[in-house]
Each structure stands twice: as C-alpha cells, then as structure tokens.
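**Q** Provided herewith is a single structure, encoded as structure tokens, for subsequent inquiry.
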Amino acid sequence: MLHSQKRIWKKIGLCLLSFILGITVFTGSFGSKAEAAVAGDFQVSVMGPLAKVTDWNSFKNQLTTLKNNGVYAITTDVWWGYVESAGDNQFDWSYYKTYADTVKQAGLKWVPIISTHRCGGNVGDDCNIPLPSWLWSKGSADEMQFKDESGYVNNESLSPFWSGVGKQYDELYASFAQNFSAYKDMIPKIYLSGGPSGELRYPSYYPAAGWSYPARGKFQVYTETAKSAFRTAMTTKYGSLDKINAAWGTNLTSMSQISPPTDSDGFYTGGGYNITYGKDFLSWYQSVLENHLGVIGAAAHKNFDPVFGVRIGAKISGIHWQMNNPSMPHSAEHAGGYYDYNRLIQKFKDTDLDLTFTALEMYDSGTAPNYSLPSTLVDTVSSIANSKGVRLNGENALPTGGSGFQKIEEKITRFGYNGFTLLRINNIVNSDGSPTAEMSSFKNYVIKHAKPAGDGGGNPVNSVTIYYKKGFNSPYIHYRPAGGTWTDVPGVKMPDSEISGYAKITLDIGSASQLEAAFNDGNNQWDSNNMRNYFFSPGTSTYIPGTNGTAGSIQAGPPITSSDFQALPAYEMSI
C-alpha cells in the first residue's frame, strides 16, 4: 500500500515537472517570437554634422561610404537660424539644396529635421547657431522665453506660451515644402524640433544655467506669462479659489498666490510632488508640451502631407537620471516636462506623429548619486508606444560602439522599432571617407536588420502588405501611393487571408514612400480615424480597428497567432 502511494506521488510529481517544462517552453517561445525582429520597414540612418559642410567632395565621399555599408539615409538639422536669418519671411534655402543634391548623388535618402532650436551649449554641440535675431521683436521676453526657479532666462527655443509660435512655424514649414517639393522622392520622413536640442521638453538641464549631471534640473515656468497660464488652468479645473483651497488644503486669499513650486528640492524631499497641488502642477506642466506638440504637428501636416505624403516625427528626451532616487523620484524627468508617459505618447498618436526616443545604447546603473536607469526607461516608453501603435525610431544619446551597439540591437528587435539613427557620422566614417573601427560593429548589430528589399517575403521592393483584423466582414481599402491618385470609392475588396479573422492585401506603391489608405464596408460605412487617413510604410503591417468609433492601430509585421508558438513537447517518462 505504501509503495503504491509512493508510486502515485512520484507520478504526480513527474506530471507537474512535465507541465512546468511545457510552460517554460511555451513562454520561452512566446518571448522569442515577441522579441525577434524589427519592424518590416526598418531602416538605418546616420545623423550628419551639426555645423555647415564646407568641403562637399569630402562629404560626398563620407556619404558614399555610408551607402556602401547599408545605411539608408542621412538625417540633417535644417537650422532656422540659417534659412530665415535675414528677416521675417526672407528665406534662403540654397545651402540645403546643395546639401540635398550631394546626398542624392551619393544614392542616399535625406531626412530633414526642421530645427527650430539653437545649436550651442548642450551636450555634443560643436556649433553656435542662435534663433533668428529678428524673432525677438515679435513679442516680449516674458512671453517668448523661459525662466527657471532661480530666475535664469533661456532662449534656446521659443516658449510654448507665446501665441505667435504657430504662425512662425507655419510660415517656415510652408517655405520648406515649397522649396523642396522637387526633392520629395528622396525625402522618406521629416522630423520636427519640439524644443531644446530638438526634443519635446523644457530646457531644464542647461549647463550655462548652472546645471551639471546628475542634478535634477529646474522647472521652467516662472515668467509672469507662464504663472498666469497656471492660474488660469487651475481656475478652469476647480472653478473658484475656495474649491482650489479645498482640493489643495491651502488657505490662499488671492488667485495671485497660485504659483509653481518655490521650495526647490523641498518640493520632493517634503513630499509636495505627491499631494494634490504637486500632482496638479506636474500634470499641467506636461500638458503645455502636449499642446505645443499639437500646434506644431497640425502645422506640419497642413504643409507637408499634400507635398511629401511621408511620416512626420518628433523626439522625446531620454532623461534617465534621478529615476529611482528614494527622496526625489523621477525629479529630473519632471523638470523636463515628463510626468505621465502614457498620456504624452497618446498625444503623439492623436497628432499622428512617429516617436523618436534616445539612449538606446545605455545600461542601467541605479545607484547614488546618478540613480540612472536608461535601459528601464527605454523599455517603459517603447512598451507604451507599442501598445498604442505609435511608430518608433531610436537614437543613441552619446557616442557609442561595441557593447552599446549590442544594447541597441536588443531594444530595436525587442520592441519592433521602425528605424534607428546613429549620432553621428564621424562615429563611423572618417573625414577622408574611410570607415572607422566602429563601422564593423554597427553593421553587425544594427545595419544587418535593415530591410532593403521590402518585407523579405518575396513581395516587390516597394510594396505594402496589410493584414486587416475584421471589423467589417467584407472590408474594402480605398488607397493611393502617398501623393498619387486615389482608387475609385469604395476601393478594392480585401480578400481573406491565410489567418482566420483577417483579410490581407499586397499593393505595389511604385516610387512612393508610403501607402495612404482608409477602410470601409463597401456601402459607405467608413472606419473612423478622426477624419484622417492611415499611412503604411513598405513591408508588412497589421491593422486593428478601434472600438466604438475610435481610431484603429497599426502594428509592424503579420498577426501573431497560436500557430506561431512551438508545440508543447510530450514527455513520456518511465517510473
């Protein structure tokens, strides 16, 4: 009897072991599937020099070396301080036309950044290009510039509190579109500068203001214009001073007493950041950046979509220090304007902008005094972007190589990045055009993932394959190669795919860089995307309709189904 019981328990134990091993294989194969690849249209770009090119032949030799080693595009700061320096609406694009011509001769694509910030004074800056001097006569310094907690005034970029921002950017974007329409075939993407160093943030960590790493930096909303905006926002939220006092536990007697934090580090060490007042301030502080992104995004879509028909992107800074400081958690991120990444990235989606994130090469080291967690931060931001269907492009924060390229490979494959841009050209190409020692590692870990021949599945080089998760039983796709001619409404019926519940279609887009499309049921019932069309890049994508009329999402690659998982092994054990 005892022997029989022992055999039973032994069999139960082995069954449990088999189950655990099976689960391990299952989850392991799921992880490898989810982390296996970049997006189907992944390409590699390299950032050009900050300062003006003076030797065009040498520059062309550098570009040719990039082309010969698998790089897709050169990314370039198009400095506002150069092109409109002579006066309001007095543009000179001649330098950048020469630049674009040189890039074209080398066989590369060109990705311009409309750089509405100053070059000089930040990490990696080797030039001095201020904003156009005439600009400051358009309004007061209090409206147009930043002021921090200590009173330092910063004019790296225009303050989002100035009402003239939209008009100035609209004029700049319109002139660029007019002057570079003839170059549209070589421009696969356009980036917008959202603030200092081209990033959507406040100038919270600026060495000239006294900042040094790893200090938290300073809040930047101490002009009278900014403080007035905060008061207005709080009055709008609560309705009256009495209700503000009730929410904050204060005894303010005048609206003028409503103010951004005035206690420096004490805002954190005293816990102010974690009470209702602190949360209201930090949420509003970020919302100013969100509104700014909406303004510049709308101006960009208005001017660029009809001419270029390409994706437009903007960048969030990888503020990775002070993240896990027990007394001042996330304080550096907060000073830069990042309080709620989920909400911030949703604004990218709502504005139909791609997201560039930086510091992909860095490793965590979360100990004092830096409390630096860049790898964790990349994971956080990338995961949120993936969940919302926001396209991702990566960058390195500092010069890198070797293990840094390995880290980049880990991130771009784990989160299905659509592109990576290396900072900067002199990291992998010498001035004489010869490759540096880092070129080999860059090719082995990053460039090798580029998709020069479409999606790798035998489709034409410039084709788009779309899997449509059926919201409509018989979906139609109304489309055009971006900038081309639309199909007749309702478009083309999408046939069923090899995957149950999905339709599928492959479309050749010729020389266009994207497919512009909308979906319907063939009977004038249209998929809602806030009255905007969807854009698909070459390669394979999966489209998932939204619910209750909300916008759908686009994910890189084909759908992941149960058949993608390795079958669980059957374990037969003798006992």
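Placed from the backbone N, Cα and C atoms, the Cβ positions cover glycine too.
Pulled the feature table from Swiss-Prot, pasting it below:
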- Glu199: active site, proton donor (ACT_SITE)
- Glu395: active site, proton acceptor (ACT_SITE)
- Asp77, His117, Asp125, Lys315, His320, Thr358, Asn396, Ala397, Arg424: substrate binding site (BINDING)
- Glu84, Asp88, Glu171: Ca(2+) binding site (BINDING)
- Cys119-Cys127: disulfide bond (DISULFID)
- 1-36: signal peptide (SIGNAL)
**Q** Could you state the CA-to-CA distance between Cys119 (disulfide bond) and Asp77 (substrate binding site) to the nearest Å?
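**A** It is 10 Å, counting Cα to Cα.
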**Q** Rounded to the nearest Å, what's the C-alpha distance separating Glu199 (active site, proton donor) and Glu395 (active site, proton acceptor)? Just drop the number here, would you?
**A** 12
**Q** To the nearest whole angstrom, what is the C-alpha distance linking Glu395 (active site, proton acceptor) and Asp77 (substrate binding site)?
**A** 15
**Q** For each of Glu171, Glu199, Glu395, count the other CB atoms within 10 A of its CB; which of these recorded positions has the top count?
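**A** Of the recorded positions Glu171, Glu199, Glu395, the highest Cβ count within 10 Å belongs to Glu199.
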**Q** Go through Asp77, Asp88, the listed binding-site residues, and name the one with the sparsest Cβ surroundings, counting other Cβ atoms within 10 Å.
**A** Asp88
**Q** Between the recorded positions Glu84, Asp88, Cys127, Glu171, which lies closest to His320 (substrate binding site), Cα to Cα?
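**A** Considering only the listed recorded positions, the nearest one is Cys127.
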**Q** Applying a 10 Å Cβ distance cut-off over all chains shown, what neighbour count does Cys127 (disulfide bond) have?
**A** 14
**Q** Mind telling me which of the binding-site residues His320, Arg424 has the densest Cβ neighbourhood, counting other Cβ atoms within 10 Å?
**A** His320
**Q** DSSP on Glu84 (Ca(2+) binding site), three-state: which is it?
**A** coil
**Q** Mind giving me a neighbour count for Asn396 (substrate binding site)? Other Cβ atoms within 10 Å of its Cβ, every protein chain shown.
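**A** Result for Asn396 (substrate binding site): 25 neighbouring Cβ atoms inside 10 Å.
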**Q** Which of the three DSSP states, helix, strand or coil, fits Glu171 (Ca(2+) binding site)?
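**A** Assignment for Glu171 (Ca(2+) binding site) reads helix.
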**Q** Using a 10 Å cut-off, grab the number of neighbouring Cβ atoms around the Cβ of Glu84 (Ca(2+) binding site), all chains included.
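**A** A 10 Å sphere around the Cβ of Glu84 (Ca(2+) binding site) contains 23 other Cβ atoms.
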**Q** So around the Ca(2+) site, Glu84, Asp88, Glu171 aside, which residues have their CB within 8 A of the centroid of those CB atoms?
**A** Gly87, Asn89, Gln90, Phe91, Pro132, Gln168, Leu172, Ser175
**Q** Reported as an integer number of Å, what is the Cα distance between Glu171 (Ca(2+) binding site) and Asp77 (substrate binding site)?
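**A** With distance taken Cα to Cα, Asp77 (substrate binding site) is 18 Å from Glu171 (Ca(2+) binding site).
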**Q** Where does the residue listed as 'active site, proton donor' sit by DSSP, helix, strand or coil?
**A** strand
**Q** So among Asp77, Glu84, Arg424, all listed as binding-site residues, which is physically nearest to Cys127 (disulfide bond)? Use the C-alpha atoms.
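**A** Nearest in space to Cys127 (disulfide bond), counting only the binding-site residues, is Asp77.
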